Amino acid sequence: MSSNYRNFRNNVPWLILFLEAVFIVLFYFLFSHGDESRSTVSYAAFQDVNHMVIFGFGFFLTFLKRYGFSSTGFNLLIVVLGVQCSVLIENLFYFLLEIPHEDGLKRITKAAVSITAVVISTGAVLGKTNPVQLILMTVVEIIVFHMSRWINRMYLQVPDDVGMMHVHLFGAYFGLAVSSCFPEPSPRSEKNASTPKSALLSMLGTLFLWVFWPSFNSVLSEDKKWEVTYNTYFALAVSAVTAFTFSAMTTKDGKFRMAHIHSAVLAGGVAVGYAADRIRYPWIAMILGLLASVITVLGSYCLQRCLNPALEIHDSSGVHFTFGFPAVLGALAQVVLLVAENGTFLTSLGYSVMFHIGAFCVTISMALITGLITG
């Protein structure tokens, strides 16, 4: 923690109590129950997403030996505060636009998916920020992410379940923008080191994420839930196989490197999330998983050795090549599949393609600009 104990005691508890008091007051005025009998989200699906956010990302960020308790503990704090903030912002939009409220289970599920953007961003600044900065980043990022989603949905006609998948893209580049405002720890500093125990716990988080990722991609899909689950699993399976293959091929001694596998096995799930409902054959999802894993492994070399030093960006957990690159690939694959599905580039198809490209540009632009301001 970069703040001393006295500052921690004076700032953090009062900030948390203030935020919670504001949330309670706003819930009193804005919160109302929807029609619980028509929920499109089952409790089991919500539980999968909740496990993924709490256990998966909590352990995923334990790779730094000095921040094991911080990553799991602060992750829980960020998630519970962020979910409340996300539900309030969603209700505020519904109230202002006079849209019928959704059922409560779907609302907290969407909030749990939204908070994934903040957790991903946390990975880029872990070890460089104190709890006050993380809490403020959480509130700002959730608000801006909902604004980005609202623009994509209202003006660019992006379906809500597809728009929610922009969490990886937004979270990665918002976190990188914030991280660029902080100095890089010394290479010999303990803040930048890991141990076999911390790496093992981080790999455990990766396994949690891998297991629950099909539920994450399909939880908000209403018409093609099973197709999304099916395609996501095959993309994840191929990305895992490719991660082991390229890890052995790119090391001098020909051995597996858990640093590569830790990141690349999830790449297929990130990339396929954008277009999983448009994929008709599993081999397409498998190719997408393979490409995503290759980009992640090779990107880790290029970014860490060339791009990051040039831009003076220190990416603590590699969110750029773990979530950023696969998200960009998924957004491009969505456009390619949309064109291939219709065969010819008709006028209406051209507008649809431009809307999806516009949504990608809006998301990444808002993430970078507001991330720099927040940092």
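We number each residue from 1, going along the chain as drawn.
Backbone N, Cα and C atoms are what each Cβ position is placed from, and that goes for glycine too.
Keep in mind that this is a model prediction, so the values were computed, not measured.
Annotated domain 'Ammonium transporter AmtB-like' per TrEMBL: 35-374, in sequence order.
What TrEMBL records for 12-31 (among others) is transmembrane segment.
Positions annotated as transmembrane segment by TrEMBL: 43-64 (among others).
Sequence annotations record features per position, and here TrEMBL assigns transmembrane segment to 76-96 (among others).
Annotation comment: TrEMBL describes 108-127 (among others) as transmembrane segment.
The transmembrane segment feature in TrEMBL is assigned to 163-182 (among others).
Here TrEMBL flags 194-213 (among others) as transmembrane segment.
Feature annotation from TrEMBL assigns transmembrane segment to 233-251 (among others).
Among the features that TrEMBL reports, transmembrane segment is placed at 258-276 (among others).
Taken from TrEMBL, the feature transmembrane segment applies to 282-303 (among others). Taking Cβ pairs closer than 8 Å, the transmembrane segment (282-303) reaches residues 230-232, 234-240, 242-243, 246-247, 250, 259-260, 263-265, 267-268, 270-272, 275-276, 315, 318, 320-322, 325-326, 329-330, 333, 337 in its own chain, all 6 or more past its ends.
Per TrEMBL, the feature transmembrane segment maps to 323-340 (among others).
Feature annotation from TrEMBL assigns transmembrane segment to 352-373 (among others).
Across 43-64, 163-182, 233-251, stretch 43-64 shows the highest tally of CB pairs under 8 A with the transmembrane segment (194-213). Mean pLDDT for the domain 'Ammonium transporter AmtB-like' (35-374) in this predicted model: 84. Through the fold, the transmembrane segment (163-182) approaches residues 110, 113-114, 116-125, 128-129, 137, 141, 144-145, 148-149, 152-153, 217, 220, 270, 273-274, 311-316, 319-320, 322-324, 326-328, 330-331, 359-360, 363-364, 366-372, 374-375 of its own chain, all at least 6 residues removed from its boundaries and within a Cβ separation under 8 Å.
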